[in-house]
Amino acid sequence: MARRLYTLLFCLCMPLVLLRLLYRAIKAPAYARRWSERFALGGDVRAGGIWVHAVSVGESIAAAPMVRELLKRYPELPITITCMTPTGSEQIRKLFGGQVGHAYLPYDLPWLQRRLLRRLKPRVGIIMETELWPNLVTEAARAKVPLVLANARLSERSARGYQRVSALVRPMFAALDWVAVQSQAEALRFITLGVAREQLQVTGSIKFDFRADPTLLQQAADLRARWGERPVWIAASTHAGEDEQVLRAHQTVLQALPDALLILVPRHPERFDAVARQVQDAGLAAVRRSSGQLPAADQQVLVGDTMGELVMLYACADVAFVGGSLVPNGGHNYLEPAALGVPVLSGPHRFNFTEISELLEGAGALQVVSDEQALASAVQALLEDASARERAGAAGRAVVQDNQGALERLLAGIARLLG
């Protein structure tokens, strides 16, 4: 009954959904393309193999090591990756090109999900992290498609939200064939929501199995060499309301270190232009990465307005602030800079990555700052102390190395479902 009501409400809201898509298309023209795929028509769908769903950029990057291993281990099985956003789509194409099929996931209406599954006929479906849709899961169960929730995470905040609609989500969670969860605390939350204990395994986070492409590291070394001896810090995956705080922090840092360079990388591409204007409004001189120009000596900010270069830009930095954490978005992937040996800073809002951030913090690899003043102080202190940077960077590398192995455990579980 709850799912039928959800479907009815979804149908009634479809005009608003389409208006929102149109609005987003005005701000980001890529949303205006490939509308048919959102109704399970078109797209490069490859039948009879492995289907992976990664909602956007972060999940696509997290899924990449798993997908590469699946391509290697099951060359006879085609792989199709679905996502929800143009940026995720672009990331998938950059990572895999024509090695995999790709399409947008359709809207969560039963007949659209049935159409997709009939076209895919997957041997197994792998959903990254917590991108669950009631009709999608129900239709997969009806089609006898084994579903894996891979690298699953569930914050206390998200769990409370699900509890409020438990009549809708409990059958959805119960229908999952296997949940490969990141931590014991999150496992208990999934059980509370209806996942059977025997269908759940704490595998750890596959983000610990991150390995940077040596080509990207060489690009970073070459780029950094061209910048000279300037101290460099990066504010990555920033959100609206956060960039202003970062820019004010950088102005404070510049008072002590006048040649310091900030790499500012907004989380969402549709904000690139607005953030570049914010830098100018703050009285700072900037260059955009997309211009291909190097930051001049009198330019204090490099706006990272390109896709697929975040890891390379992390590797260019002496200190990394991970965004979504000075505003209540819950933080982003702290492991990428840590794996590169870059000291990590986070704001207080890190509820999406609580266990990982606490692990790094306990090892001395991550510092939590309360506000922009504390951010400025922490950045300045680290930029002025090479030995402190080295200690924090080494601690981050050690945490990442000590917790690897989740990918192999995940692949073993997928192999069991593939038979």
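Every residue, even glycine, has its Cβ placed from backbone N, Cα and C.
Keep in mind that this is a model prediction, so the values were computed, not measured.
Copied from TrEMBL, the annotated features are:
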DOMAIN    34-209  domain '3-deoxy-D-manno-octulosonic-acid transferase N-terminal'
ACT_SITE  E59  active site, proton acceptor
SITE      E129  site 'Transition state stabilizer'
SITE      K207  site 'Transition state stabilizer'
DOMAIN    289-398  domain 'Glycosyl transferase family 1'
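The structure, with features from TrEMBL marked on it.
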residue	record	DSSP class
E59	active site, proton acceptor	helix
E129	site 'Transition state stabilizer'	coil
K207	site 'Transition state stabilizer'	helix
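Long-range Cβ proximity for E129 (site 'Transition state stabilizer'), meaning a same-chain Cβ under 8 A and a gap of 6 or more residues, is found for V55, E59, A62, L149, A150, N151, A152, R153. Non-local contacts of K207 (site 'Transition state stabilizer') by the CB criterion (under 8 A, 6+ apart in sequence, same chain) comprise A62, N151, N333, L335, E336, I356. In terms of DSSP helix, strand and coil, the domain 'Glycosyl transferase family 1' (289-398) has 53 helix, 13 strand, 44 coil. Just so you know, the Cβ of E59 (active site, proton acceptor) picks up 25 other Cβ atoms within 10 Å once every protein chain is counted.
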